[in-house]
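Quick look at what Swiss-Prot lists:
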type	residues	note
BINDING	37, 38, 42, 150, 151, 152, 153, 154, 174	D-ribulose 5-phosphate binding site
BINDING	38, 153	Mg(2+) 2 binding site
BINDING	38	Mg(2+) 1 binding site
SITE	136	site 'Essential for catalytic activity'
SITE	174	site 'Essential for catalytic activity'
């Protein structure tokens, strides 16, 4: 990762702290993964504070494939099976079947309907029967251990929510350029500056978590 481009955002620890503060305030963060991996940036919001306006931004400014990151135990509680039996995607992204709230939605595709679906899925005591399958929201199952186990946006999202003291569920979508191509680090930094959204990396989250473990040790 070209850390020099990220220098204006502070050190790795400072970038994570800025991201956690934004999430606690109900705002979003931009997280970029490794250059030798997807080399993409995702706009991420906490599921519990997600608004219709934020969902509209995910649909308008990003790829439109809005995903709900959930920990393994939540996926099991909602009885969400994998989207496919044999996952052959390059990075093993753990999509489950897509979902829709059974109550409170129309077609399910509008920003408001997708927020309703997400709130239904993350509700305390949510049951499998609360959700229809398929739908317009795409859950992703995070691996236990977070970014120390798998350096993906899914795990990074759950780690950030837990570090921020929020419910372990987050919503993400890949940032795209106006021409439909994937945004890379320079474009993501510009996007963050335009919308006043902090930028950090998966590597930053790894370093932050390792520093916490070192302090505990």
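Start at 1 and count along the chain as shown; that gives each residue its number.
Here the Cβ of each residue, glycine as well, is placed from N, Cα and C on the backbone.
Remember, it's a predicted structure, so these values are computed and weren't measured experimentally.
Here the Cβ of residue 136 (site 'Essential for catalytic activity') has 18 other Cβ atoms within 10 Å, regardless of which shown protein chain they belong to.
Within the group of binding-site residues (42, 174), the Cβ with the highest number of other Cβ atoms inside 10 Å belongs to 42. Least packed by the Cβ count within 10 Å, out of the binding-site residues 151, 153, is 151. Secondary structure at residue 151 (D-ribulose 5-phosphate binding site), as computed by DSSP, is coil. Residue 136 (site 'Essential for catalytic activity') and residue 151 (D-ribulose 5-phosphate binding site) are 26 Å apart (CA-CA, integer value).
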